[in-house]
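Visitor: I am attaching a structure below and will ask some questions about it afterwards.
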Amino acid sequence: MPRQYDEDEARRPILQPDTDTDEPSAVSGSLARLGRPSNDDELTEQLTGCGATACCNPSSFLHRFQALILMCLVGFGSYFCYDNPGALQDTFKSDLDLTTTQFVMLYSIYSWPNVILCFIGGFLMDRVFGIRLGTIIYMFILLIGQLIFAMGATINLFWLMIVGRFMFGIGAESLAVAQNSYAVLWFKGKELNMVFGLQLSFARVGSTVNFLVMVPIYKYVKSLGYQGHMCTGVVLLLATLTCVMSMICALILGWMDRRAARILKRNDAAPGGEVAKLSDVRTFKVSFWMVTVICVAYYVAIFPFIALGKVFFMRKFDFTSEDANTVNSIVYIIAAVASPVFGLIVDRTGRNVLWVFLSVIVTIVAHGMLAFSYLNPYIGMITMGLAYSMLASSLWPLVALIVPEYQLGTAYGICQSVQNLGLAVISMISGMIVDKGGYFMLEIFFIGWLVVSLLATIVIWMYDASNDGLLNMSPAARALYASKTYVTCTIPTDLELTVVFWIFVYRLPRMSDEPGMSGDMTDSQEQLDRNRRNKDPEAIRNRYVNRVLDGTPTPSDTDPLGDDA
């Protein structure tokens, strides 16, 4: 029979011991029966042949690593196609006869709908679709959006390109929520920080590959005889192949996850019958809302800066256009390499809040070097790239420590939505600051936002320290805390046993006086004798203790203690 959850366990964050498989060493077998029903009646599926090997066994690290590669590839097409316009900015404006305002609209139309739709997408995945179906649906929307965008360029219809980018944005941001949920489902309590770092690394690889290959592809297509908007449309259609590859990976990953759920007897339903509701946001802790503040305040000091950084390096450091592009891309290149490394370090050391705090401090130093000194800008950008990688590997796993598992899609959706709102608004404000005050004022503006993220980190630290301190524990301390929490929640105290016992003693003698409870018990002397035996406090106590502690089989766990077993 499937494992049953109580309400307190259902609302506990996910990094508690998995009671399906692990028994705390401090609890004996007889007492552990209080924590969960016996699974002795379950049929364990025996894996044979290829299914028993490390490659095909869902419980092995190698199999989970294969799933991780698919998770990363699911988002590769999204990040590759997102910056297609940026990689071909000059050709877009000339071949499609676009103004700068129209070109920028291709990016803004991506962000604005996701202020709301990311949250809705995460909620639908929690409540309606589930992770597997939700990932496939969002990937399909993304693929259709990219196809419409490419077709709009092919026939030179700007409004159709806008519709395509709109659909692409809906699918891409909701797909990012699905990726996060998949990562938590497969790696909760294990290598979660490293997994988030590796996903970030693949995302930046997708963006970097786009900038490297789109111009050569454009030149090759043009050499085949395509000209003008037709050439741009064909190039975008070729870029769509990366989305097709990601769709295939989503289907394979869904099959693997369904197989793993069946073999591992994983209960994908919400614990205790809990389902995500929109009203759940009222129960989210202060620490979660501070994480969303950091998502906005930190990232608006990174992405808008990179978007406007090329001219900054050309003006302040007299770089050529090519050199400015190179130094401006350093953050993404560093992130692609350093994110998995920092994720592994955070997995080994824990203390996520401390790592977030250090990341924000180092980023403030990096922006300060670029704003107030003429040091080689490579130093500042490399420092910023390392800090950015460190933060991404330690911040996003915090959500899984704060929010119950059945609400994760909603929680990550909120983070993505708030981040999109911040990026959409701050990007426009940053452009106005450059026009009116120059790049020095822009750097001051970004440092101000980093100070806000630093204050939010301090609030998380103080709030966590005043509670259980889980967010800033080492892995060993978290394991010990989880074990103690499990024991506390599963073993009744002497007072609880006494209260329950006397409830039975007090209540059972009166049950025969209530309508519908006594039946025909007074019809025979045998039934009267049995009733007297059931009212004996010593007999009731013995049966109660025997049932909950000794695990002696009874006809049914729902039989009243007052009946002879």
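Yeah, the Cβs are placed from backbone N, Cα and C, and that goes for glycine too.
Predicted, not measured: the structure shown is a model, and the values here were computed from it.
According to TrEMBL:
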- 1-40: region 'Disordered' (REGION)
- 65-82: transmembrane segment (TRANSMEM)
- 67-468: domain 'Major facilitator superfamily (MFS) profile' (DOMAIN)
- 102-124: transmembrane segment (TRANSMEM)
- 136-160: transmembrane segment (TRANSMEM)
- 166-187: transmembrane segment (TRANSMEM)
- 194-214: transmembrane segment (TRANSMEM)
- 234-256: transmembrane segment (TRANSMEM)
- 286-309: transmembrane segment (TRANSMEM)
- 329-346: transmembrane segment (TRANSMEM)
- 353-372: transmembrane segment (TRANSMEM)
- 378-403: transmembrane segment (TRANSMEM)
- 410-433: transmembrane segment (TRANSMEM)
- 439-463: transmembrane segment (TRANSMEM)
- 515-565: region 'Disordered' (REGION)
- 527-541: compositional bias 'Basic and acidic residues' (COMPBIAS)
Visitor: What residues in the same chain, six or more past the boundaries of the transmembrane segment (234-256), come closer than 8 Å to it by Cβ-Cβ distance?
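Guide: 58, 66-67, 70-71, 73-78, 80-81, 84, 88, 132-133, 135-136, 139-140, 142-143, 146-147, 149-150, 153-154, 182, 206, 210, 214, 217-218, 221, 226.
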Visitor: Is the number of Cβ-Cβ pairs under 8 Å between the transmembrane segment (410-433) and the transmembrane segment (286-309) three or more, considering only pairs separated by 6 or more positions?
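Guide: With 3 or more qualifying Cβ pairs, these stretches touch.
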Visitor: At a C-beta cut-off of under 8 Å, are there same-chain residues at least 6 beyond the transmembrane segment (378-403) that contact it? List them, or none.
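Guide: For the transmembrane segment (378-403), the sequence-distant neighbours (Cβ-Cβ under 8 Å, at least 6 residues beyond its ends) are 13-15, 180, 184, 188, 192-194, 196-197, 200, 284-285, 287-288, 291, 294-295, 298, 302, 327-328, 330-335, 338-343, 345-346, 352-353, 355-356, 358-360, 362-363, 365-367, 369-370, 411-412, 415, 460, 470-471.
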Visitor: Is the transmembrane segment (194-214) close to the transmembrane segment (329-346), in the sense of at least 3 CB pairs under 8 angstroms with a sequence gap of 6 or more?
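Guide: These two segments touch.
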Visitor: Which one, 65-82, 166-187, 194-214, 439-463, has the most C-beta pairs under 8 Å toward the transmembrane segment (286-309)?
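Guide: Per the Cβ count, the answer is 439-463.
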Visitor: For the transmembrane segment (194-214) and the transmembrane segment (439-463), decide whether they are in contact, meaning at least 3 CB pairs lie under 8 A, counting pairs 6 or more apart in sequence.
Guide: no
Visitor: Apart from its near flanks, which chain residues at least 6 from the ends of the transmembrane segment (166-187) lie with a Cβ under 8 angstroms of it?
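Guide: For the transmembrane segment (166-187), the list is 14, 64, 67-68, 71, 74-75, 78, 81-82, 109-111, 113-114, 117-118, 121-122, 125, 131, 134-135, 138-146, 148-149, 195-196, 199, 253, 257, 260, 396, 399-400, 405, 408-409, 412-413, 416, 420.
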